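*Asks:* Quick one: this structure, given as structure tokens, is what I'll be asking you about.
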Amino acid sequence: MYPAHLLVLLAVCVSLLGAASIPPQPLNLVQFSYLIQCANHGSRATWHYTDYGCYCGKGGSGTPVDELDRCCKIHDDCYGEAEKKGCYPKMSAYDYYCGENGPYCRNIKKECQRFVCDCDVEAAKCFARAPYNDANWNIDTKKRCQ
């Protein structure tokens, strides 16, 4: 084998090892981001919702700071109800449709998938209706979310 071929083979192997160490994004959260984009017609990137208020993003505590944060709390509570039913909301893939009037769940026969899709669609529509206050992005949750 030629030395150049060995270098290419080595580079491919190293690349594959690096890719294998990247944790996968739960499929449902990817779908949820698409639903948000569908509901708000692409007017705000989904990362704006990952660290907003007391409930948008990982975890949550205290009193929601505004209407948008209440949408996130309701979504968190909905996922909590899904877990009580034995569902895995962050891993449940489902079929949805993005129409002129926003996202809809479609052709879902399994109870968990339907429940989680409904949680996500309602949250995405709530996000689209709620005003976005830049002052509530990346807040100090230790002070404001008691």
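Backbone N, Cα and C define each Cβ position, glycine as well.
Reproduced below are the annotations present in Swiss-Prot:
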ACT_SITE  HIS75  active site
ACT_SITE  ASP120  active site
BINDING   TYR55, GLY57, GLY59, ASP76  Ca(2+) binding site
DISULFID  CYS38-CYS98  disulfide bond
DISULFID  CYS54-CYS145  disulfide bond
DISULFID  CYS56-CYS72  disulfide bond
DISULFID  CYS71-CYS126  disulfide bond
DISULFID  CYS78-CYS119  disulfide bond
DISULFID  CYS87-CYS112  disulfide bond
DISULFID  CYS105-CYS117  disulfide bond
SIGNAL    1-19  signal peptide
*Asks:* I'd like to know which of the recorded positions CYS38, CYS71, CYS72, CYS112, ASP120 sit within 10 A of GLY57 (Ca(2+) binding site) at the Cα level.
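*Replies:* The recorded positions passing the 10 Å Cα test are CYS72.
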*Asks:* Which residue, out of the disulfide-bonded residues CYS72, CYS87, CYS98, CYS105, CYS117, shows the minimum number of other Cβ atoms inside 10 Å of its Cβ in this structure?
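*Replies:* Across CYS72, CYS87, CYS98, CYS105, CYS117, these disulfide-bonded residues, the one with fewest Cβ atoms within 10 Å is CYS98.
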*Asks:* Near TYR55 (Ca(2+) binding site) in space, meaning Cα within 10 angstroms, which of the disulfide-bonded residues do we find among CYS71, CYS78, CYS145?
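*Replies:* The disulfide-bonded residues close to TYR55 (Ca(2+) binding site) (Cα within 10 Å), listed in sequence order, are CYS71, CYS145.
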*Asks:* How long is the line from the C-alpha of HIS75 (active site) to the C-alpha of CYS98 (disulfide bond), rounded to the nearest angstrom?
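*Replies:* If we compare the Cα positions of HIS75 (active site) and CYS98 (disulfide bond), the gap is 19 Å.
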*Asks:* How far is it from CYS98 (disulfide bond) to CYS105 (disulfide bond), counting Cα to Cα, in Å?
*Replies:* 9
